[in-house]
Amino acid sequence: MTRKLVLLRHGQSQWNLDNRFTGWVDVDLTEQGRREAAAAGRLMREEGLQFDVAHTSVLKRAIHTLQGALAELEQDWLPANKSWRLNERHYGGLQGLDKAETAAKHGEEQVKVWRRSYDIPPPPMELEDPGHPIHDRRYAGLDRNALPGTESLATTLDRVLPYWHDAIAPQLKDGKTVLVTAHGNSLRALYKYLNNVSREEILELNIPTGIPLLFELNDDLTVQSFRYLGDPEAARKAAEAVANQGKAK
């Protein structure tokens, strides 16, 4: 039996539009982002997908994308499992900074390392910073030592994988069709795990906003196939635009 999993990056957020490092800052969708969420839902409907379960982060750009997509699928009733483990990678002291200005200051290669390397985190956010997650009530029930002040993709993967093993994988093994609506780097982490992508290859992977990525999996959850829904060229261009965000103007 083929298991179906869709990974969906949230639609364009205000800070995507502004080209700023977002991380765990709770920025909402733009109108374009809301249109992308609806378009993602239409693509999934045209594919004939109906979901048994949905997962998302605790950040509203992902939650609102999920809601917009489910509305197009006429599955507004589907409950969403929300977990901080699906949050975007924490960008530490870079959060809120303009990516192009940061590239002009530190060099494009350094910014590419911070954005796309596997195990090198950005400079950390200080505990005293009011933006640190230890001061956010949505994380109040968690061990403060588990809450990051910065993350690499490697530590993001370490955060995401327990949720995959405990929540998502058992549902797929039970034959459920699963939708995960999350963020560029939490989804890159899952993509790396599912496809056994090398540390070097993951550097070049960019996930576009609002385009569903369909995985077909075997019983043991090894990958049969994966593809973006809709126009492949549109997905390629959207991923290329993500790659260009870290370049100086």
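The backbone N, Cα and C atoms fix where each Cβ goes, and this holds for glycine too.
Keep in mind the model is a prediction, meaning the values are calculated, not measured.
According to Swiss-Prot, the protein carries these features:
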ACT_SITE  His10  active site, tele-phosphohistidine intermediate
ACT_SITE  Glu88  active site, proton donor/acceptor
BINDING   9-16, 22-23, Arg61, 88-91, Lys99, 115-116, 184-185  substrate binding site
SITE      His183  site 'Transition state stabilizer'
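Counting only the Cα atoms, the space from His183 (site 'Transition state stabilizer') to Gly23 (substrate binding site) is about 9 angstrom. Cα to Cα, His10 (active site, tele-phosphohistidine intermediate) and Gly184 (substrate binding site) are separated by 8 Å. Counting Cβ atoms from all protein chains shown, His183 (site 'Transition state stabilizer') has 27 others lying within 10 Å of its own Cβ. Around Gly184 (substrate binding site), the same-chain residues at least 6 positions away in sequence with a Cβ under 8 Å from its Cβ are Arg9, Glu88, Arg89, Asn206, Ile207, Thr209, Val242. Neighbour count (other Cβ atoms within 10 Å of the Cβ, all protein chains): 27 for Glu88 (active site, proton donor/acceptor).
Of all the binding-site residues listed (Arg89, Lys99), Lys99 has the fewest other CB atoms within 10 A of its CB.
Reduced to three states, the DSSP call for Arg9 (substrate binding site) is strand. Within 10 Å of the C-beta of the residue listed as 'active site, tele-phosphohistidine intermediate' there are 33 other C-beta atoms, taking all protein chains into account.
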